[in-house]
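Single-structure report; data block below.
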Amino acid sequence: MGDAAAAAPAAAAAGPSSTRGEPKDPRTIARKYQLDLCKRAVEENIIVYLGTGCGKTHIAVLLIYELGHLIRKPSREVCIFLAPTIPLVRQQAVVIASSTDFKVQCYYGNGKNSRDHQEWENDMREFEVLVMTPQILLQSLRHCFIKMNSIALLILDECHHAQPQKRHPYAQIMKEFYNSNSVEKFPRVFGMTASPIIGKGVMPSHSFTEKGGRSPCQPLIFFLPKGGSNKLNYTKCINSLEELLHAKVCSVDNEELESVVASPDMEVYFYGPVNHSNLTTICIKELDSLKLQSERMLRASLCDFKDSQKKLKSLWRLHENIIFCLQELGSFGALQAARTFLSFDGDKLDRREVDLNGSTSSFAHHYLNGATSILSRNKTDGSHAGSFDLEKLEEPFFSNKFSVLINVLSRYGLQENMKCIVFVKRITVARAISNILQNLKCLEFWKCEFLVGCHSGSKNMSRNKMDAIVQRFSSGEVNLLVATSVGEEGLDIQTCCLVVRFDLPETVASFIQSRGRARMTKSKYVVLLERENQSHEKLLNGYIAGESIMNEEIDSRTSNDMFDCLEENIYQVDNTGASISTACSVSLLHCYCDNLPRDMFFTPSPVFFYIDGIEGIICRLILPPNAAFRQADGQPCLSKDEAKRDACLKACVKLHKLGALTDFLLPGPGSRKNKVSVTNNSSNNKVEDDSLREELHEMLIPAVLKPSGLKLDSLSNLHFYYVKFIPIPEDRRYQMFGLFVINPLPVEAETLQVDLHLARGRIVKAGIKHLGKIAFEKEKMMLAHKFQEMCLKILLDRSEFTSPHVKLGNDVTLEINSTFYLLLPIKQKCYGDRFMIDWPAVERCLSSPIFKDPIDVSVHASYSSNESLRLLDGIFSKTDVVGSVVFSPHNNIFFFVDGILDEINAWSEHSGATYAEHFKERFRIELSHPEQPLLKAKQIFNLRNLLHNRLPETTESEGRELLEHFVELPPELCSLKVIGFSKDMGSSLSLLPSLMYRLENLLVAIELKDVMLSSFPEASQISASGILEALTTEKCLERISLERFEVLGDAFLKYVVGRHKFITYEGLDEGQLTRRRSDVVNNSHLYELSIRKKLQVYIRDQQFEPTQFFAPGRPCKVVCNTDVEVRLHQMDIHPDNRENCNLRCTRSHHWLHRKVIADVVESLIGAFLVEGGFKAAFAFLHWIGIDVDFNNPALYRVLDSSSINLSLMDYTDIAGLEELIGYKFKHKGLLLQAFVHPSFSQHSGGCYQRLEFLGDAVLEYVITSYLYSTYPDIKPGQITDLRSLAVGNDSLAYAAVEKSIHKHLIKDSNHLTSAISKFEMYVKLSNSEKDLLEEPACPKALGDIVESCIGAVLLDSGFNLNYVWKVMLMLLKPVLTFANMHTNPMRELRELCQCHGFELGLPKPMKADGEYHVKVEVNIKSKIIICTAANRNSKAARKFAAQETLSKLKNYGYKHRNKSLEEILIVARKRESELIGYNEDPIDVEADISVKMKSPHIHEENIPFQNTETSFTRSSKFHNQIIAGSGKHDVNNGRNNQPKLATQSGRLPSEATEKSNKKVYHGDMVHKTARSFLFELCAANYWKPPEFKLCKEEGPSHLRKFTYKVVVEIKGASATLLECHSDGKLQKKAAQEHAAQGALWCLKQLGHLPKEEDVRV
């Protein structure tokens, strides 16, 4: 869509105005006439008509300055400055920015980038002057990026292009938007031009005369002719320009300008007349013969018609350029042109190189080499261009015209400070002349360069180089430019003294502008004119006379006539205001097609057929097979161009109604090209960055554990739960404990079973059992609270016990955000299975001296020596010491005392010495009471996370018994801390924090289940443990994780959303459907849905940290509120110093990635699938806010519409294909569509791409289900890797070849056929043979048909996944064994480099000779491995290079440290596969009733739109009949049959001529010519239009007869080239009609016309 599709802002151009400096006032340097014109422009719309160099731009700057109050920010209005070329845009932006202090931004582009509404809105808010090409503004207005109401001042440079009878963007802006009734406020309009007219001007009767005896080198000074001029066109141009711009043309008296601007003297130099020499004629004949030879070779080598036509056109253009240079410049000029093409443009003219007789040259190079040889033979032997003198420059070496140019340059070249521009029409001529002039010694004083547009196709010309050349010309480094029209306007060239028109200007404006380049005083404007060429003389005369006439007409108009305005049909979208018209409909349609999915074998593009009807020309538009629909017919129009525009407008309207165009009339989401912002990163990167962003969220506290209504100072009834511990193996004793809570736990919580993982693989299975309620008196409650506080201090904060006194009962307040529960030791009653709290044990612990006030501690009781022990802090009874906690200050360690070793004391032997000696040597302690028995003690352990997925510390897979480790301690080195706190009690308490953490999480999951259950009953089908698994991330490092559920849920979500989009949006292509699905399933959207349902509070994303275990008796000390939240939880902390990032506060804050919050949605879907099936998952999706429902009629419409493909039934063996697939289709059209490649467009139906989208989605789910169920123990990442291997294009392509379904692919691309054949041959080789060959690129189409086939089965079965499951297992059986596993080599290479710390370099691919050359570099310490590969597909080339690099690294001995997938699958536990969760009721679909009809009717919808009418019912019926009567076609699967030549004689059989000029359409009598009928027949069958050629003219001039032949190219199984000749006729139309009659008769006999049809012509 041209410039509008890409408004690339050039901030550099407007850099000076980006900041406000000192005020700039452009009035200080303005001339009087500029100020006068500016004053008038402030008051009304005007068009300033001044010559080049008269300061028009400065008047515009003055106007911007005067109206600055309207655009100064914060005003929402702007000034828009339009310039028709990119150099002008850049130049004018710099001028405005340097002359004013406005914020300026300029826009231009080539369609590679695009800007959205938000970016335009931002720029309108930031900048005050926007300088752009008119196409950008036009498209921005059409798509409502910019509205006319927001423009305060509209400036149009070179505004003469705005003519109502033209479709220039200037004219369209004014016609469609300035004159629109919807515009409330119109901007001020200011136009600038050096010539207010367009075209060639008037043709005066005066002609140039050349005085006799004058040398060709002497100029003819021209004098203005008088009279005889036709002024009407000038008047119309000026009147029309004023009317369209709503402005008045204003100018300045010539006398005032003469003192300011110099006007060059004009001189005319004659050459010729042109009479080509014999040598030139011979060269032309030889070049023609060379062209024919190249054509024959090209046709013989290429079997693809489209490819050969493209190459032929390139060859013809090349030949025509060489011939033109030969005639205009001579043989040496043509030789230079050929050499230039050969060195620069070979690839441009013929991108895909094809070998010729073993040579590596392309057809273009073959022709150029031959042309160079021919032209070189005619050059004087041993001579060089630089050695020639002026006298020797004669024809045919140089043409006479070129010799005159050299004479002119020789004459003026010796003048001081001379600078010259030579204007030519063609780029080829510019380059050839420049090359020759640079090498002529006689012109060595000229330093020459050529200047052409950067869009000219020249590889060595860019905008930067253009600017550099102009800069060098201005500085004098270059003093001669050979330029095309790009030098006439848009480039600031001010110091030119001589302008030479080698070729005449084509318009008056071109004449004036090129002349205006000679701005210096005493400048010359030289025109080369051919002698005796009357048309050229009249043309030049008209240009010269036109300027005077324009001035007269501006002063006093002689007529009010104007050109008729070209009316446009417009379609407008009501809710956005976006609009399209017939002016832009063609470009918009091409833009839509350009955004359709494509591959290297197919380029989507519309095809146009024209039908010459009675009421006018009708255009039939055929869209690509992957478009939303296939055909649109326009209304009868007077010209092909208007008919084409009308058909395109109808197509665009229908595309919008089908959703393929958005409400802003742009290609819908999912277009092939990513819409990349020119100022920001891509939207994909933004979404990715957002998903990785961390946010602070609270974690939910289980409501059942909150202390609601509990008072510690009163009687309370608590629910009693017995905590069960089952050690495996039974190598430890555990004190029985009870859990006491205020509210009863949910029933599902009572089923809690947790494996607590100890060292060496040992496990304790823990659970709870409800035993009823128990009453707590006030004293008992306080006692229990103190006991729990004591236990937690010993486990987590035991450093407090190093002091002689510890106070309990400080933290007895109950916070609303905290939990309340009690963990107390229990014992079995003496009778029955009843349990009770072991209050004596509690009281005994709390009676320890450390908890008493020092002043309250009585003197130790006296014990007998046999019953007591002397400890560090006194004498204690042995019964108090055993089963207590002691502290040894000499090593700062706490111990459990498990017993007293009566037989061992300090004198006993220990490690070759006594214990006394050991303590003296090790700790320098002299024991005072060595006779005391030693204590058997066990060090108190640090509390650990027992939910951790700990790896066994030995190679044994099961836990083994582990003997406890005890030490012997002298009692006198220990101080007694807690009496009665035994080792068994400590062991139990070490398990309880992990158990309670899991219980809290389970209670949170139950709460979420209750929330969902209140909204949909299907939530009852999922267990709380399943929900908990779906809420727990891998970061928790537990034995449960959401990742497996997430993998399954992600695949299911893509399937059901893709299915919904497929059925709902029938008009969207594969790419748009993918984008629509992505909009729903992407992390950003899932995050929003999750936040809306507050799922983030349920997520568990941190591993249990025992040090941050808070419970009654150990409350959280970090009080968090809104005032300190940000300070407490800082995010911008270095990863190495993030102590506070996971700080636990009173509000349970934690940091969560957005992606994690999104992943939980998918994991919950997976959980519902596994436990509740599809129906439960659908209910959850509806609750979360994802719509996946659709109406059955929508499916029926899709099934019914598939019958359009039944016309292809003869292309393949349907029964055989169904047998290969293992499924019998009810709707055969679906099966046929699944095998139609988009390159095949010779039918009315579509291609497989939409079915491929659907099949890809369902295949991903069923493969995921297969892997999930078959391998229950493999990691989620490994499931993803295996799935990628299974559904990768290579694997699917292998499956297609193994099952031979690829032979049924319907295609029309010889390149694709060749690629498939190469791949098929490779697949069928043995492994040893494959090792010797490079694997060919896998054609994507092979994998696509497997996916589209799966999609077709899904639709035909009414979404019955059981059928899809069976077909998948059969088709992919060789793949699912994973026998020949091929991982992605690029991924494997990246992982290998990361594993070993190698630096991986991937330079950008370089394209040359039609192939991508890819390099892979790996830096191994001081050595670099470099591997390269080349392929037409860049991904394939990178794959090959990566494979070679991997091979080299493995040869060096570098391997991945982790197990490969092959090794994992060998040992993985395997179960029988199953289709997970499928309990959906399939839709009842009836058999296709039209299956017996080989030729279904095609119904074209009528398209209503503004200012147009819909008809063509007649054409649609005709199309139906043509399809119905078509003979058998065959795509040949790429086999190119040479066309048969069938020639029909000029005379027709009598039965053919007896038929009359009428054709019956279902009872309607419609008159139609045979020629028109033939055009319609070709269009209906998607053939090329018939070609009529004049064969012979005979007879005298007044009785001349014409004989025509018509050529019809019939595509199909028997490709036929039909030629029919007419009899001699007095009129050409009659001869064409007679030939068409013969063609129709032959087509009827061949079966391409219904036998029952009566065709009389």
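Note that Cβ sites are derived from N, Cα and C of the backbone, with glycine treated the same way.
Annotation source Swiss-Prot lists compositional bias 'Low complexity' at 1-14. Annotated region 'Disordered' per Swiss-Prot: 1-26, 1525-1556, in sequence order. As annotated by Swiss-Prot, domain 'Helicase ATP-binding' applies to 37-214, with the evidence given as sequence analysis. Swiss-Prot lists 157-160 with the feature motif 'DECH box'. The domain 'Helicase C-terminal' annotation in Swiss-Prot covers 400-567 and is backed by sequence analysis. Annotation source Swiss-Prot lists domain 'Dicer dsRNA-binding fold' at 585-675. The feature domain 'PAZ' is assigned by Swiss-Prot to 856-978. What Swiss-Prot records for 1010-1173 is domain 'RNase III 1', and it gives sequence analysis as the kind of evidence. For 1214-1358, the entry in Swiss-Prot reads domain 'RNase III 2'. The annotation Mg(2+) binding site is assigned in Swiss-Prot to GLU1252, ASP1344, GLU1347. Taken from Swiss-Prot, the feature site 'Important for activity' covers LYS1340. Marked as domain 'DRBM 1' by Swiss-Prot: 1384-1451. Per Swiss-Prot, the feature domain 'DRBM 2' maps to 1569-1645; the stated evidence is sequence analysis.
One way to see the shell of the Mg(2+) site is to take the Cβ centroid of GLU1252, ASP1344, GLU1347; the remaining same-chain residues with a Cβ within 8 Å of it are TYR1248, GLN1249, LEU1251, PHE1253, GLY1255, ASP1256, GLY1343, ILE1345, VAL1346, SER1348, GLY1351. Per-site Cβ counts within 10 Å over the binding-site residues ASP1344, GLU1347 peak at ASP1344. By number of Cβ pairs under 8 Å, the domain 'Helicase C-terminal' (400-567) is matched best by 37-214 from the list 37-214, 585-675, 1384-1451. Counting only same-chain residues 6+ beyond the ends of the motif 'DECH box' (157-160), those with a CB under 8 A from a CB of the stretch are 47, 56-57, 60, 81-84, 88, 92, 170, 191-198, 237, 241, 245, 489, 509. Look at LYS1340 (site 'Important for activity'): DSSP puts it in a helix. Between the domain 'Dicer dsRNA-binding fold' (585-675) and the listed ranges 37-214, 1010-1173, 1214-1358, 1569-1645, the one holding the most Cβ pairs under 8 Å is 1010-1173.
Residues in the domain 'Dicer dsRNA-binding fold' (585-675) partition by DSSP class (helix H, G, I; strand E, B; coil) as 28 helix, 20 strand, 43 coil. Mean pLDDT of the predicted structure over the domain 'Dicer dsRNA-binding fold' (585-675): 87. Listed stretches 37-214, 1214-1358, 1569-1645 were compared with the domain 'RNase III 1' (1010-1173); the greatest number of C-beta pairs under 8 angstroms is found for 1214-1358.
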